[in-house]
Structure formats: structure tokens, C-alpha cells
Amino acid sequence: MFLKRIEISGFKSFAERTTIEFNQGLTAVVGPNGSGKSNITDAIRWVLGEQSAKNLRGGKMPDVIFSGTSKRKALNMAEVTLVLDNEHHELPIDFSEVSVTRRLNRSGDSDFFINKQSCRLKDITELFTDSGLGKESFSIISQGKVEAIFNSKPEDRRGVFEEAAGVLKYKQRKTQAENKLFETEDNLNRVQDIIYELESQIEPLFRQSQTAQTYQVLKERLTQMDVAITVQDIETYKLQWEQAKLEMANIDQSVKQLSEQKTEHEAAVQGLRQERENYTFLLDQTQQKLVEVTEQFEKTEGQKNLIFERSQNTEKLATDYQMNIEGLKERERLLLKEIEKISHNIEESIKAKQLQNQKVTETKGLLERFSQTSEEQVEDIRNEYVEVMQEQVNVKNDLKHLERQYELESSRHQNVLGRRERMLSNEQQLAERKEAQNNLLVKHQAMLKELLEEYALVERKYQFSQEQLQTQQVSLQNGKSLLQQAISRQSTLKDLQENYSGFYQGVRAILKQKKQLPGIVGAVAELVKVPTELVTAIDTVLGGNAQSVIVEDEKAGRQAINYLKQRRLGRATFLPITTIKPRTINAMQYDRIVSQPGFVGIASQLVKCDDKIRQVVENLLGTTLIAESLESANNLAKALNYQYRVVSLEGDLMNPGGSMTGGAVQSGKKGSLLAVSGELETLTTQIADMENMLTKHQHRVERLLEETAELKELLAVKRQDGEEARFKEQSLANEVLMVEKEWENLQREKEGFEFETKDVTLFFEEYEDSKANLTKELEHLTAKMTELDTLLKSVTSEATSIEAKRNEYQVLYHEQMSELAILKQKVAHQEETMLERQQSLGDLRRELRGIEERLALLVNREQLDKLDPKQLEQQMLQLANEKETIQAEMSRLKVNRDETQQQLNEEEQAAVQVNESLRQLYETKSEVEVTVSMSGSYLDRSLKYLQEDYQMTYEWAKEHYLFEEEMTQEAREEVKALKLEIEALGPINMEAIMQYEQVKERFDFLTVQRDDLLTAKDSLFQTMNEMDETVKVRFEEIFIGIQAKFRETFPKMFGGGHADLVLTDPDNLLTTGIDIVAQPPGKKLQNLSLLSGGERALTAIALLFSIIQVRPVPFCVLDEVEAALDEANVTRFGQYLSLFEKDTQFIVITHRKGTMESADVLYGVTMQESGVSSIVSVKLEELSNDTALEA
């Protein structure tokens, strides 16, 4: 067997799950100080069962859980698992590999597992017993343990050798045998006490059994008669109860129907409210739609009026345009006619000119010989003069046309200015009116919004008030029903209490005469106040004593007994206060059980009573303990050696001596006399609280009724105000729309005026420039004509000196030229006239075209205006129809809303009527419930009487004990006589016959048990002696072996010297201590405490190797045991480890070089992250091979 691996998670500095694999041989774990390498040793010790946090270097056990760092959060669990190779089954478990796991939560809960199966710590401890492994075994040694070996007492060193000897299991068995011996002695003492007690009971029980047999005969007859009478009573009560239940069922059915109606009405109310809200919402939407249609209607009407006004202006302007067009066309016709005539004249003149030109050419040919230069100059001047004159005519015509256009535009401008002045006046008035209407509408809308918010608030308050009212009414009715039930139950209990129902005849007779009989305090059941949860337990303990009567003194008791005897009213038990002494539990015994699990308390201390009767209560209950359950009661009785009575909360009873009584409690608390008083007191308090609550509910309902009525009236007022405000808002909105339409029409007209004004202004601006340019051009042309005329005269005067011939020809030429000039002038004039007429025609046509275009635009707009009013009238008609439809829809919605409101009022009234009917039914139901309760109570009491007194069911009793009705009175008389006979017998112990047999049988049985216990006691002594002998032998053998090996190993480890192991008490091997005697080489024999640290460590290591040689262990964990050694001894230590590593697996925590060199595997523990340990492993053999290959 060897350690294969260890898995660590959350243990100390190992925050991450870490697995360390171990091979057979020597494994060294190295690392700097504080890296957490010793935590591996602690983890192994912890998983093997270490329970001391101090031994794990902690303050408390949760300290082993990783506590977090500055970068990591603390963990809530630590877990360590050891996995061992068990192929040779050295551990007593049928697995070849064994894993042992220990887990600890920060809450303190621990879990243990073997092969992942949950187990106990004890199971792990037993698994490793005598295996050489364990939390305290020599297989795990640290520096602290080295010191402990030398510093401890000789007796404490014995444990190491006992572990090696494998005698721990024998010592544990001896301890178990000793515990059994103590238990056997306790049982023997208890049995002897019980036998002594039973010897005193046998004789009295024999006498009681005889009386009980007589009682059985009388009781059987009494039972037959009394049961028959009770069955008859049950029949009567049952009939009453069934009739009442039938009536109750009918009422419940009616309540169900009315509740369904109520639910229907409430659903209808809710639905109608929703429907009313829907109608209101639809009305608002329809109202909004009406406003929109009205706005559209008024907008269309405004457009129609605008078109009408514009059409009037268009007709006037179109008439002016038409007149201008007709005049222009007439002028065009005359011009065309004149142009045609001028064109004809031009053709004739051109022909005459051509003919005259031929004549001139001929004459000119003759004259050129005389005056060629003068003629050319005159001709050029004349031609230029004609051209300038033609330009002058054109300019004059343009000026005339411009003047005529100016007159027309001036007239148009005056018209536009007049209309614009009127429009601006209307715009100012309309703007003021528009602002006033908008302000008025905004103000009214704000007021309407405020009204709607007030209405919504009042409506929510009204609905909430109604819901509260309905809730409070239902709660009030339920409260009244519960109060009536409580009063009925209280009346029943008071009747039971006043009549002392449930008490024995004698007790009842005394209690009824309590005022007449001196010194009567009362029955125990009515004087002791028991908490509800303890009723079953106290009732079980008291039994018949609950009906015992407490009296002032013995005299009062005697008088009461005489009273019963004289009147033959039965028997009763009396408890005189002056003679009854309290009984208590011994203080030492109480201290033993006060901290026991399940202990509730002493019965007398858990009930309440008057101080006057406290000692009586202490007598009855002072030695009775109450436990939570049967198990805890059993444990308490056992702890007290069955000397006192212990009862559980469920009524299970542990009697003195060890007998047990228990089972199902059939009657329950309601059948208990103790419960009646407590229930009555509770009911009285509850009734008072319920009456106060109902009074508050009634006041709240009345207040809610007044509040609901006020809110309903206020809601109606707010609704009326809202409707009036909404209609007012609609009217104002319509007026605002009309004003806005007028404003839009005015703005459109204003835009038209601005366009016309801009057009006229542009003409006026161009007119001045055009007129100035034409005038300037005319002046320039006139000056040029004057200049040309002067030049022509000058050239002509120079030709007078030409010779006669030339004069002749010149005269002829001039005549011809004059004629030709006249013809040319005529042609030029005609052409000029033609050009002027054509220019005038072009101007006229352009003017005509412009006027026609304007007229076309006016006609087109007029056509559109003629078309639009029809469409607008059609739209207005459609809008008017739509408006009427919407108004009709609004009227319909209002009618529907009013009808819905009426239905809602009717449903609410119906709901109120249903609630009233339900209230009346609840009152009737309460009365019937009283009848049901009373008959049921009598029926339950009779059934309980059968069950408790005779342990019979009604059905079984009816089948076996029913008789004729006429026998009832006779049977009742016989029952009274039988009861008197039974009472005359005195106290009857009905269990005496069986108790006698049981006591006799138990006495014989316990006698045999006593003899068996004596035999067992002798056997245990013998077993303990055998265990002692085995321990002595094995301890002596292992000690001698270790002693011999220690004597050999010490000189080898020290290189000389000698050492020995010595028993402090050789004659007593069971308790002897062990001394270690050591003498290093070159030193005297001295006390261990005087050795140096290295010598002490080396001595301990020598002892370890000695133990391993005698008792090899599967693995050994050494935590820096060689820390105090010098290098030479460390090397020797490593060599010794190598010698034993074939048989023992070594895991060494070290930071010494010599030890590392001997290791097969090195594990490095580092803290790459502060506070968190991690593992790095190296196999030295593989590393050596790799180094050799590199070399």
C-alpha cells in the first residue's frame, strides 16, 4: 500500500484545485519560507481525522479554509482527498484503490467520504487503525513533533510505541468493554431496585384485582343500559342536527345563489362602468370629430365667399380688358387696311421711281461730265437726312404709346391703393378679434381641463369609496358571522362549565354546592391554567386527579365526604391544602437533564395557578417532566434512571420504573376538562376583540356610506359642469375657426393686392427711364436733321457757278431728280408710314396679346371660380350632412350613455339589495349555526361519551344496544342504581387484574434478568483481562524490537555513541512510560533536554528509522525534521531515506540540499500569486537522463 496522490481544494493557501501525484520512493517538497509547503502536511493530517485546529496551526477549524487575498475572494469550502493503492488489501476494505475525503464548509458543517460514499469520522479512524497511519501516528512527523517526543512525559511517549505495536484497537475494545460494564452495573442496580419495588406491589394488586372483578360484572350491566340510553339520545340529537344541517345547506345554497347574483351584479356594474366610460370616450371622440367637420365646413364656406368676392373683381377687370381688346382689334383692323393701302401706293411709287430713275440716269450721265462731285455729296446728305427723319418718327410713336400705357396703369394703381387701404383696415380689426377669441378659447380650455381632472379625481374617489364600502360590508358580515359562532361556542362552553359537565357525579355534586359547603376551593381542572400546547401532556399526567377537589383543610374534606354519603351522590377525591406537601426533583438530577435535547420543563412550573394552591400543584406535577417527543422523553427517563415520570407533548408517558404508556389520543383537546377553561378564556378575549373590531367596522361602513353619497352628488355636479364647459368650448372653437378662415381669406386677398401693386410699381419705375431715353433720342435726332439740312444748303449753293450747259442738264437733272426725290421721298414716306404702321401694329398686337393673356387668366380663374363654388357647395352639403350625422351619433351616444348610467344605477341598487339579502341570510345562518353547534355539541358529547367511557362507535353501539323507547325511563332508573353500587365499591383499579399478572410475570422475568446481568458482568471482566494480556504481549514485543533497532541505528546516525530506550515501570506494561537515553560520541551520558537541536532531531530521526524497521508503514510524511542538522548529517539522513524507500514511501517537506539530492521526485511550492500556492514537479531521474543526453 502506498499514497498515490493527494487532491487539495480551498485548503489554506491552495485556493485552486491542486493534485499532487506520488510515486513509490522518496518525494521531496521544496519551496521558500511561507510558500505553503507545510500546508501539504497539514492537509494529510486533517484528512486522516485531525480535530484540533491548534495542531493544524490555526485558531479554529474554519481557519483552514482559504481566506482570500487582495485579488481573490475567500472560499466557503475546503476539501482534501487522499488516494491510496490498496492492491494487497492492507486496509480492511474490498477495493484496490481507496480514496478518503474530508470536506469543511465555512458554516462549520463537515462531510467525510470513503470512495465517494458518505461516512463518519469514526469510520475513517477505524479504517486506519493499526495500519501505522493516523492523525497521531509516527508516520507524520514535523519539527513540532520532534520537540514533543523529547519534551513530553515518558507516559505520553508510550502512544508512539502503542501505535507501532498495533494495540490501539485492543485498548479501544477494552474501553468499550468498560463502558458496557458500567452500563451493566447500572442496569443491574436498576433491575434490583425494580424487583424490590415489585415485591411491595404484588400483594396490594391481588386484593385490587378481586375488587375489580366484582366491578366488571356491575360495569358490564351498566354499560349495556347506559350505552342504550346514550344511543337513544344520539338518535334525538342526530335528528336535530341533520334538520339544522339541511336548513344550513338550504341557506348555503341561497347564499351561493345570492353570491353568484352578487358576482353577476358586480361584474355587470364593472361592465356598465366600462361601457359608460367607452361611451364617454366615444362622445369625446365624436365631439372632436364634430369640431373638425365644423372647422372644415367653415373653411369651405370662407373659400366660397372669397371666390365670390374675387369673381366680382374679376368680372369688372375682365370687362375693362374686353373693351380694350375690342378697341385694339378695331385699331388693328384699321392699321391692316391702312398698311395694305400704303403697300399698294409703295408699289406704284416704286414703279414711277424706277421709270424716273432711268431718266435721271440718262441725264446724270450727261451731267457727270460737269459736276460729278457735287451731286454725290448732295445725294449722300439727303439719304442720311431721310434715315434720320425716319428714326425720329419711330421715337415719337414710342413716346405716344408709352403715354397711353402710363394713363392706364395710373388708373389701375389708384384702384389697387383704394382696395388695399380698405383691406388693411379690415386686417387690423380681424387680428384683434382673432387674438381675443384665441385667448378666450385657451382660458376656457384650461378651465375645461381642470374640470375634467376634478371629475376624474372625484370619480376615482367615488369608485374607491364604493369598493371600500363593499369590502367593509362583506368584512362586517363575515365578522358578525364569526362573532355569532364564537358567542355560540362560548355559550356552549359556559353551559358545560356551569353544569360541570364531564365531571364525575360526586365531584359535580360538590362543585354545585361549593357556596354552601365551607372550605371548597374548586376542582384542579378549573383552577389550573394550562397552555394550549401542553393540554394533552398535562391531561395525561393528571388523569383522574384533574377532577380532584381542592379544599382548605381536612375538616372541609370530611364535611364534603359526609355530604356525599348522606345523599348517596357518589365519591370524590379531596386535596386539603394544609396536608398536601409539594414534591420536587433533586437539584443535581435536574442539572443533569436541563440541557438534554427535547427537554421542555417541569410540569408544575409550566402551568399557572393561584399561589394559594401552588403546593397542591407541586404535589401533583412537581416530579413530572415534559419532553418534546417520545424519543426525548425516553432519553430523559433513562438519564434519570426511570425514577420520575416523563410525558411527551403528544401524551406518551414514561412511568417510574421504566414502563411506557402511549398511543393515539382519540378524544383530542376539546374533550379535556383542562381545555374547556382555556378555550373559554380565549373565546372571551376573542369575542371582546371581535366586538371592538365590528364596532370599528360599523363606524367605518357608516362613514363610507356618507362619503359615497357625497361623492356621488359631487360627481353628478362635476359631470354637468364638464358637459356645459365642453359645449362652451365647442362654440368658442367654432368662432375661432371662423375668424381664422376670414384671416386666411384676407391674407390671400392681401397677397393678390401685393402682386398687383408690385406689377404697377415696376411699370412706373420702367416708365420714367423709358420716357427719358426716348426724349433724349428724339432731341438727338432733331439736332442731327438740322445739321444735315445746313450742310445740304451749303453744297447746293456752290453749284450755281457751273456753266450753262451743265445748268441745262443740271436743271433737267434737278427736275428729274426732284421728281425722283419726290418719288423717293414719297416711297420713303410711304415706307416710313408702312414701318410706323407695322410697328404700331406690332405694339398693338403685343398689347392685345398681353391683354388677351390677362383676360384668359381672368377667364380661366373665373371658370375655376365658377367651378369651385359648385364643388365647395357640394363639399359644404356633404360636410353639413356629415355634421348632422355626427350630431345624431352624439345624441345616440348620449342616450346610450344615459341608458347605461341608468342600468348602472339599477345594477348598483340590485347589488345593494343582494347584499342586504345576504346579510339577512347570514343572520339566519348564524341562528341555525347555533342550533347546529348546540345539537352537534350534545351529539359530540354523547359520541365522545361512548368513545371515551365505553370505547364504542355509535354504529356498533346502535347495532348491539338499541332497545324500545318505552324502556328508556326504566333503563335510566336501573343505570342510577348500578352507579350507586359501583360507587360503593370505592376506588377501582380496573387494570389490577392485568397489572397483577403483569407484575408477577415481570417479577419473574426481572429475576432471570438479574442473574443474566451478573453473568455478563463476570464475562466483561474476563474480556478486559484478555485485552490487557494481549496489549502487554504485543507492546513488549514491539518495544524490544524498536529498542534493539534504536541501539543499532543511533551509532550509525551519529557515527558513534550509544542510546537506549528504557521502561519507567517494567512491572506494569499497561501504563509504563518510556525514557530515551542518548550519549552522542565524545560526550557524557546526559539529559535529553541538554542535547543541541541537531542532536535532538537526529535522535528523533534515529527513533523513526528504528520504528520503521520494526513496523514498516505505507508512507511517512516528514516535515522539515532535518532542519536543525548540519550538511553532513543531512546527507546521512538522505542516504538512510534511500535505504528504506523500497518498503516505505517517504514524502519529505524540506529545503536542505542533501535531502533534495536523495529524492526521486521534487515538487516545488511557489506563490506566483500572493497568498496562493501552486505546484511545480520534476522527476530527477528523467532530469538526470536529459542532462546526460545534453552532455
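Using N, Cα and C of the backbone, Cβ positions are placed for all residues, glycine too.
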Coiled coil per TrEMBL: which of the ranges 27-54, 167-194, 643-670 is that?
167-194
Of the residue ranges 434-468, 574-608, 959-993, 1134-1168, the one that TrEMBL records as coiled coil:
434-468
Secondary structure tally of the domain 'SMC hinge' (518-637) (DSSP, helix then strand then coil):
64 helix, 20 strand, 36 coil
Considering the binding-site residues Pro32, Gly34, Gly36, which residue's Cβ sits among the greatest number of other Cβ atoms within 10 Å?
Gly36
Across Ser35, Ser38, Asn39, listed as binding-site residues, the smallest other-CB tally within 10 A is for Ser35
Report, as numbers and ranges, which residues of the same chain sit near the coiled coil (680-721): CB under 8 Å and 6 or more residues beyond its ends.
451, 454-455, 458-459, 461-462, 465-466, 468-469, 472-473, 475-476, 479-480, 482-483, 486-487, 489-490, 493-494, 497, 529, 532
Taking Asn33, Lys37 as the binding-site residues to compare, which has the smallest set of other Cβ atoms within 10 Å?
Asn33
List, in sequence order, the residues of the same chain other than Pro32, Asn33, Gly34, Ser35, Gly36, Lys37, Ser38, Asn39 whose Cβ lies within 8 Å of the centroid of the Cβ atoms of the recorded ATP site.
Ser13, Gly31, Val1165, Met1167, Ser1173
According to DSSP, which of helix, strand or coil covers Pro32 (ATP binding site)?
coil
